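This structure is in structure tokens; I'll ask about it shortly.
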Amino acid sequence: MNTNSEQVLDQKSRPLRDLRISVTDRCNLRCTYCMPAEIFGQDYPFLPKGELLSFEELERLAKLFVHQFGVEKIRLTGGEPLMRKDMPELVGKLAGIKGIRDIAMTTNGVLLPVYADKLKKAGLKRVTVSLDSLDDERFKSINGRGVSVSKVLAGIEAAKKAGLGVKINMVVQKGVNEKDILPMARYFKEKGHILRFIEFMDVGNTNEWNRQSVVAKADIIRIINEDMPIEPIDPNYEGEVAKRYRYLDGSGEIGFISSVSDAFCTTCNRARLSAKGELFTCLFASSGFDLRTLIRSGQTDQELAEAIGTVWRNRDDQYSLDRALAKAVPRKKVEMSYIGG
């Protein structure tokens with residue numbers, strides 16, 4: 001933690017440690033659980049360029065989160081972050097902020113062959129690549145654009161060659177790709193990349209989520225354990241979202257992100273900044289706090305920091321826990337493509 005920063009706790013005594021920055025709401029894929037093509041079509045009102053925070057505005061806010069509140073990790077998300085022009089330039093600006101330990105990016109991997117080297121040289125540490133199947137036809141159906149698995153695998157290889165750390169995320173949906181659990185586990189075990197299985201979540205309003213479509217963490221663990229024995233291991237750090245497991249044969253590890261069956265709200269230390277400068281304190285939020293207007297109206301760094309601190313101190317989100325207890329009130333939620341995963 002930055003020794004000059006303030007320890008800011010929310011209503012449930014959770015610190016602010018992790019900032020996720022969505023740099024665009026656009027994507028070159030149309031995955032059914034995130035940006036279904038029938039809704040995010042040609043006429044969808046994506047954010048115009050003038051509404052996006054500039055790189056200079058993003059750098060200014062990032063410095064405040066790091067220096068004033070002790071944020072140590074920044075993850076760049078979207079949409080697809082590499083759809084935003086000149087991303088290595090932004091990475092370079094963020095990497096120059098004293099106090100940041102880790103800069104990562106979540107991407108679908110398609111554009112990594114073009115950008116991986118430049119991103120690494122600019123200061124990016126690692127990427128998390130989304131891939132939901134190794135079956136080409138199934139993956140083409142899921143991504144809504146007919147993009148082949150080979151395009152993503154090429155991106156993963158480009159990232160590895162560039163020296164970036166690589167993890168893979170797979171969203172598992174019953175009746176869609178649960179058959180791919182073992183093939184994915186075997187493939188990335190052999191490749192030496194950590195694969196994380198993510199329970200299908202009710203983020204946004206357009207992915208037709210229902211609990212019957214969720215393949216729970218316990219079921220995924222059972223499927224893998226019967227074929228390749230695994231055991232739980234300690235988290236890398238306090239508040240780590242993925243539950244870590246290792247293969248008993250010593251050939252690596254996998255992870256499980258279980259927002260539905262085993263909520264992790266009690267240790268969530270993440271803030272999310274949307275592409276247009278709204279601050280969100282939960283992935284399942286209905287609305288955010290408008291920082292862009294404050295920036296563009298001439299607010300000082302101190303005034304911005306006070307606003308951010310007030311938002312975090314008032315935070316009491318625990319949507320996934322409330323959902324598990326059947327206490328979550330139905331509401332319109334912000335789309336994942338807007339806020340970042």
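Cβ from N, Cα, C; glycine included.
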Name the one residue among Lys160, Lys161, Lys167, Lys174 that Swiss-Prot lists for the same GTP site as Arg20, Arg75, Thr106, Arg270, Ala271, Arg272.
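Only hit among Lys160, Lys161, Lys167, Lys174 in Swiss-Prot's GTP site, alongside Arg20, Arg75, Thr106, Arg270, Ala271, Arg272: Lys167.
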Please give the average pLDDT for the domain 'Radical SAM core' (11-231) in this predicted model.
95
Measure from the Cα of Ala271 (GTP binding site) to the Cα of every one of the binding-site residues Cys27, Cys34, Gly79, Met201, Cys265, then give the nearest.
Cys265
With H, G and I counted as helix, E and B as strand and the rest as coil, say where DSSP puts Cys282 ([4Fe-4S] cluster 2 binding site).
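DSSP call for Cys282 ([4Fe-4S] cluster 2 binding site): coil, neither helix nor strand.
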Sequence gap of 6 or more, Cβ distance under 8 Å: name the residues on the same chain that satisfy this around Arg270 (GTP binding site), in order along the sequence.
Arg17, Asp18, Leu19, Arg20, Leu283
In whole Å, note down how far the CA of Arg75 (GTP binding site) lies from the CA of Cys34 ([4Fe-4S] cluster 1 binding site).
18
Where Tyr33 (S-adenosyl-L-methionine binding site) and Cys265 ([4Fe-4S] cluster 2 binding site) are concerned, what is their Cα separation in Å, rounded?
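Tyr33 (S-adenosyl-L-methionine binding site) to Cys265 ([4Fe-4S] cluster 2 binding site), Cα-Cα distance: 22 Å.
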